[in-house]
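Asks: Sharing the feature lines straight out of TrEMBL:
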- Y240, 253-257, 293-300, 390-392: FAD binding site (BINDING)
- 6-142: domain 'Photolyase/cryptochrome alpha/beta' (DOMAIN)
- 482-520: region 'Disordered' (REGION)
- W324: site 'Electron transfer via tryptophanyl radical' (SITE)
- W377: site 'Electron transfer via tryptophanyl radical' (SITE)
- W400: site 'Electron transfer via tryptophanyl radical' (SITE)
Amino acid sequence: MMSASRTVICLLRNDLRLHDNEVFHWAQRNADHIIPLYCFDPRHYQGTYHFNFPKTGPFRLRFLLDSVKDLRATLKKRGSTLLVRQGKPEDVVSDLIQQLGSVTAVAFHEEVASEEKSVEKKLKDICCQNKVKVQTFWGSTLYHRDDLPFSHIRGLPDIYTQFRKVVEGQGRVRPVLSTPEQVKSFPLGLEEGTMPTFEGLGQTEPVEDCRSAFPCRGGETEALARLKHYFWDTNAVATYKETRNGMLGVDYSTKFSPWLALGCISPRYIYEQIKKYEAERTANQSTYWVIFELLWRDYFKFVGLKYGNRVFHMNGLQDKHVSWKTDMTLFNAWKEGRTGVPFVDANMRELALTGFMSNRGRQNVASFLTKDLGLDWRLGAEWFEYLLVDHDVCSNYGNWLYSAGIGNDPRENRKFNMIKQGLDYDNNGDYVRQWVPELRGIKGGDVHTPWTLSNSALSHAQVSLNETYPSPVITAPEWSRYINNKSSGPPAKGRKGSSYTPRQHKDRGTDFYFSKNKSL
């Protein structure tokens, strides 16, 4: 007598890929039928915890819809498809177990944050009640959680450099898992389900902006194509360290983060390709720096494991009491890009209109919100959660804790000097003029400080302070040192356009994390 068929539900969340995916790898060996499942969880389309901003904004939703569609198309080419449902994963899985009667296991990757862990607990309870096996994996980081050279996650260093040195010296990166040529089929009689719409999830489809530094679509196919372009087609990776603090253009940085956030590309695959590139083309500081950034991402995940919900607490990891303000007039000026500080406003408008902002921009606007305006850092973190196409809960909240001075930060009371930063990284003002067009008439570096210009200069540029563009909501005393040193010269020699970091600043970018200078 033939045994009953074994059906494994592969619940996918932030692992929307077929390559290097241990959930599929295990299911292929332990099932007769596989149900790859993605649930559009209604809790992801409600408000953020403290300030009730929409939790998933239009840009990330578009990227997610692209990614889910792409995975379905990939699976169809391999004899399967993706089951799509709107509902809580624990409810959908429970219904499938009851409906099919053949489910022997539910497999998924473990997550870090409390909301995701709560879903995992409910899934385990349901499977236990129905005598269904639960198989979990760890697959979101470059270094596997079980391979960390610490006896327990509590031993994770509270300073990134210490973590990096130990991991680089003693850790190992596991090899990439093979991609199945064929994926075992659905059980009979199961409808794959229709894709939800923007309106159905309470969002409006975003408008394309031709100025976007991230005009890319979601999905594994696009992620792998981006890596091929950035590594093998253009060799852009070989100059990554020099260009990574750019502001304009698509290729100043890898732009892998949105695909990493949804698991459309594996960090181990990126690592494998870096090593291949270093062996076949060149190995330098730039190729290493991509791994260095992947390690930062790992670190924030492991910090989330170590500290749990403390990453969301007002007092942060250090339980440090700061008199944060919740002045919504100031916050609205920040989020809408009308603080009167052009470098801040340009970055915030880019975020609002495209869902993306450079690493350099993120550090600056976060410093401005927390250190110059003194606003509750969680306002910024939840606003980023809403809008960023690459929102990753651990990286986002970890970086905001850093900015607020209450995270894994050995140096205190540092803040960015908005004028110095603008002149360092947008020396000729091209980035500001792109996103703050009302200042287009102001030439060169003067665009960073319109309030210091004479009435005749403003009139000539067709700028009227407090009418066409606001005066600054705040002026910091340290700005004055740089106001008279503005340069309106051309970009640094050998590079075209201001999307590139000036040569004299090519080694900057780690200053936020490592510099002892308290005013950057």
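Placed from the backbone N, Cα and C atoms, the Cβ positions cover glycine too.
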Asks: For W324 (site 'Electron transfer via tryptophanyl radical'), which of the recorded positions Y240, W296, H391, W400 has the nearest Cα in space?
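Replies: Closest recorded candidate to W324 (site 'Electron transfer via tryptophanyl radical') by Cα: W400.
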Asks: What is the Cβ neighbour count of H391 (FAD binding site) at a 10 Å cut-off, with all protein chains included?
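Replies: Its Cβ shell of radius 10 Å holds 24 other Cβ atoms.
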Asks: Please list residues from the chain of K255 (FAD binding site) whose Cβ is under 8 angstroms from its Cβ, counting only those at least six apart in sequence.
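Replies: In sequence order, A213, F214, C216, R226, Y230 meet the Cβ cut-off.
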Asks: Return the single residue from the recorded positions list (Y240, W296, Y299, W377, W400) that has the minimum number of other CB atoms within 10 Å.
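Replies: Relative to the other recorded positions in Y240, W296, Y299, W377, W400, W296 has the fewest Cβ atoms within 10 Å.
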Asks: Do you know offhand how many angstrom separate W400 (site 'Electron transfer via tryptophanyl radical') and Y299 (FAD binding site) by C-alpha?
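Replies: Cα-Cα, rounded: 14 Å.
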Asks: Please give me the CB contact count at 10 A for E293 (FAD binding site), counting all chains in the structure.
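Replies: Excluding its own Cβ, E293 (FAD binding site) sees 20 Cβ atoms within 10 Å.
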Asks: Please count the residues of the domain 'Photolyase/cryptochrome alpha/beta' (6-142) that DSSP assigns to helix (H, G, I), strand (E, B) and coil.
Replies: 60 helix, 32 strand, 45 coil
